[in-house]
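Per TrEMBL, these features apply:
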DOMAIN    A:37-100  domain 'RNA polymerase sigma-70 region 2'
DOMAIN    A:127-176  domain 'RNA polymerase sigma factor 70 region 4 type 2'
Amino acid sequence: MTKDAGQAEGDWSQLMRDAIAGDQRAYRRLLTAMTPVLRGLVRARAAGMDASWCEDVVQETLLAIHVKRATWDSGQPLRPWVYAIARHKLVDAFRRRGRRIHLPVEDFADMLQAPPEPDMLERRDAGTLIGRLPERDAALLRCLALEERGSDECGARLGLAPGALRVALHRALQRLARLRQEET
Amino acid sequence: MRTERLIDVLAADDTAPRPIGPRLMMQAGPALIAAAVLALSILGIRSDLGAALANPTTLMKWLLPLAVAIPALYAALRLTRPQIRHTPAQFIPALIGVLALVWLALAAASTAPDLLWPQVRGRTALICLISVTFIGLAPLLVGLRILREGACVSPTVSGAMLGLASGGLAAAFYALHCNQDAPLFFLTWYGLGILGLTAGGALLGRHFLRW
């Protein structure tokens, strides 16, 4: 199951460089490739937690990777940076549950990938969090992420031109990431 | 929310990420300079600045704060990266602090006991403390807003490093005015001013730099 580390390393770092340069397809490929790895490591570290709790940590990690990507040094390999974020989010999630754990960084080096949960549809946590955003941010994310409508349709519904929608989406995601932090 | 859908939404946000280092310099830098110019325009610059800079003991009023501020600033920036849990630069300010304490102890030991407090107190202790805090608070608060966009895994340490950097730079600016050159005076009050901002940075960082 483990991929050839060297090969994957080159891929991830290059994909992120392309993504930061504005290549959305590369970015989507990168996030898609990361997700099973993140899922595997969260489940391995969080034995006893249910799958939806783990998936929530995976999503928080993806969101943090997104809003914090400026903190990656493009001259460095991406993987240690990703693991550091995942570890931080996992520790944070445990802390919120009132469980203290010790996670050595080295343990994150080799892990199995895990398949997605098939029945992971409406997530209550994400829904409640989105509900706590300012109304327009909430409406936009509800339309895009929960109802899964296209950006044209959401833009039309909220009266946002494509440029304004991009700005609004950026701001809404930044706020969502901050909310997840402040929710403790 | 399905994870695949989250990925779609994240990929749709193509606003380019902005590196933290340049933004810190471009925003906290002007805040520092504005506060320093304001303070110095009220207090004035010492008239014998050239002679002061030529005196090795007096020169320490700039060198020590800068030796604290520069590694601290570097450390604060390094520590915005999540995989960096600590960096050697963060220990340099502590080393300088120990050296300053040793110097302070030696200076105190070689001063007659009845002169000790008058020397430490000098004439402008309060103005010194207030000015260093005022000048340093501006870059500290602006800088914390920017570091918040980083991924600091030790928020307290990151905040303390920004406080040390702000305090050290503030003290170096204040030294352009201050003509109290007794080591007992400047080691005490510059040190306390810098420590105050460091404590403030640590407390604020602990709260604001979590993510």
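Placement of Cβ uses the backbone N, Cα and C atoms for every residue, glycine included.
Under DSSP, residues within the domain 'RNA polymerase sigma-70 region 2' (A:37-100) fall into helix, strand and coil as 48 helix, 0 strand, 16 coil.
DSSP places the residues of the domain 'RNA polymerase sigma factor 70 region 4 type 2' (A:127-176) in helix, strand and coil in these numbers: 40 helix, 0 strand, 10 coil. The domain 'RNA polymerase sigma-70 region 2' (A:37-100) scores a mean pLDDT of 91 in the predicted structure.
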